[in-house]
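The feature compositional bias 'Low complexity' is assigned by TrEMBL to 415-425. Per TrEMBL, the feature compositional bias 'Pro residues' maps to 426-438. Annotation source TrEMBL lists domain 'Acyltransferase 3' at 25-353. If you look up TrEMBL, you'll see 491-705 marked as domain 'SGNH'. Among the features that TrEMBL reports, region 'Disordered' is placed at 406-452. What TrEMBL records for 28-44, 50-70, 91-111, 164-182, 189-207, 227-243, 250-272, 278-302, 314-331, 337-357, 373-392 is transmembrane segment.
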Amino acid sequence: MSALTTRASYRRRDTETGDRAYRPDIEGLRAVAVVLVLLAHAGVPGLDGGFIGVDVFFVISGFLITGLLVREVSATGRVSLLAFWARRAKRLLPAAATVLAVTMLATWAFLPTLRWNEAGGDIVAAAAYVLNWHLADRSVDYLAEDSAPSVVQHYWSLSVEEQFYVLWPLLVIVAVWVAARFGLAVRRALTVALALVVVPSLVWSVWLTSTSAAEAYFVTPTRLWELGIGGLVALAPGLWRSLPGRAARALAWSGLVAVVAGAFVIDTSVAWPGYAALVPTLGAAAVIAGGAHGVGAGALLAQPLMQRIGRLSYSLYLWHWPVLVVADHLWGPLAWWQGLFAVTASALPAWLTFVLLEDPVRRSARLSRRPSFALGVGAVCTAASLVAGFGLQGLASAQVRDVQPGDAQGAAAMGPASPTSVGPTSPGPTLPGRPTPRPTVTADPAAAGPDVNALDLRPESISPDPLKATADVPAISARGCQVPLLGTAVTRCNLGAPQGRLKVALVGDSKAAQWADALDPVARQRGWQLQTYLKASCPWADAGITSGTPGAQQACRTWSRSLLKTLTGPARPDVVIVSGVKNDAAPTGRRTATETLVAGYSAYWKSLTAKGVRVVVLKDTPSPGLNVYGCVADHRDDVRRCDYPRNDGSGTPALTRAAARVPGTRVVTMNDWICPVASCPPVIGNVLVYRQGSHVTRTYIRTLVRPLGARIGPAVEAAAHG
């Protein structure tokens, strides 16, 4: 008979959970899950959806752990938390800690110093099994746009499972107590308890996925229902065993097809987990339920190769990702076949870890007899991982170089142009090997532009240190003045002169917010009240954005409409300064994406002018097209390697086109002070110009107070009195 129709051999095997029936089909399902994950991470074409293997793992864990706890209750009438957690500790922590320690060393040896601090923090979070929350927080951080994938990103799912291992036995204990208290059957009480977890978790998963998919992917509440589905399957073993053979085969095959086909059909464009995760979750549940007979799909999954891969699945999962990350840095970006080679190569350390550590510890009779000792081993593993993470952060801190007082001059190192020097619209510098600019005569030296002849492209020091550039953000960020991606409240922060004669509002996204540290002293010097109305990744326009989650898009639209009412209401300002990075919006009618945004800008600005409020546009800052601070961190001794071509910023075209449609609108640029020559230097006057994306560092912005005041001051006051 065919191997696929022969009943699989269901033997009994000693495991960490005690002598019980061994399910080779579940070991084979583990193999399917880990192979899908590895192929997806390798970038194999057509298998973008292989990430659903993680969902399969969740169902398997829910099934096995619930079954283990129920058997313990049936045998002893209680659950030993100490013994349960000891089994989990010896099963999972030694291998996980080993990979974290090796990953720390690999990061130190092969990855840029810029990544050390973040990687160290991620290792700490992984060691504490809260990495999923750590990554969820980063996923909604608008300023984390330059973050590379974490070297231990795959540990997020282990964090979810560890949190499950803490909560689940407690839930079982409560259910058992309720059953005893009210005379209920234990399985019925557990079924109700699981349902009270699964249903709300699924509902929350669907809702959060629709509003903030990046966050929903990682957080525990959106994943508990997947583990719970496995638990519900474990509570009805009699039902599955009573199925006729043909029905069991059909159930298992349909489940396996759903899992495998899902990996091909689902891709990264599908919001996850949400209701879409029902495909692999119910598929895995069907395989487990139908495979109880050991026929059909169960027989396929019980094949020797599947068993070998299944036994290695945990170690394979641990090792494949750091191997991929390091390989991608050294030889990347990797083609799919190179990625496939890398994950295949990870089988060697995975096998060594399994043979030398994972399996011996799992089978240790001494650890099995002494749960407290097993927990102690787990604590040592966790402590070692924490030391590795904090140690890497310490090594990163040691790389930060101090800046002597007076070294960080920034734009002041160039000084204003003389009346015969370079003007703000001049195309080039007078530096060796670069075009000679055309002189522009101006009566205001501060407004004329920088004196590029004074520009020294060989910095003696760099401030902020590129390793700390991501923290050099506007002061108003710490005050909560920028509305987050999903926020809709119109938040106003007050700067400038409290009793100023002129009311000026700064409106826009984070590219507008970056100017607050220079506009604040300008406003105080000129006697303006300065109010800020800022929202992350949201242009203030009568148009829908295309980036971000549907929830973020709707939040931007709601905030923009509410802000229009504020700016045209009784407490309206005299002048609104607008800036932003966007150059497109959701197209409407026959308009292009850019034209839609232009129309959206001009519609709101015309509403302002109809109420006597004037608009001043502050052009977007240049887009480097590279991670400037990362490049500078790697090339401190030759920062010229991090130069980038001069440009006018991605958001400038839409802003200037809209300005041309609204009479009285003035346009101001500071881009010649940010990129004073044709090949833009990343460091000016010993100050690093850029942090995340095309955001200017707070340190450099603060050196632009004088030239900004010289340009925007007259523009604002002329607009107010125009």
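Cβ coordinates come from backbone N, Cα and C, glycine included.
From a predicted model like this one, the values you see are computed outputs, not experimental measurements.
In this chain, the transmembrane segment (250-272) touches the transmembrane segment (28-44); three or more CB pairs sit within less than 8 A of each other, excluding pairs fewer than 6 residues apart. Most Cβ pairs under 8 Å to the transmembrane segment (227-243), among the stretches 50-70, 91-111, 278-302, belong to 50-70.
Listed as Cβ neighbours of the transmembrane segment (164-182) (distance under 8 Å, sequence separation of 6 or more from its ends, same chain) are residues 61-62, 65-66, 69-70, 73, 77-79, 81, 84-85, 88, 188-190, 192-194, 197, 220, 224, 227, 231. Using a cut-off of 8 Å between Cβ atoms, the transmembrane segment (278-302) and the transmembrane segment (50-70) share at least three residue pairs, counting only pairs 6 or more apart in sequence.
For the domain 'Acyltransferase 3' (25-353), the model's average pLDDT works out to 91.
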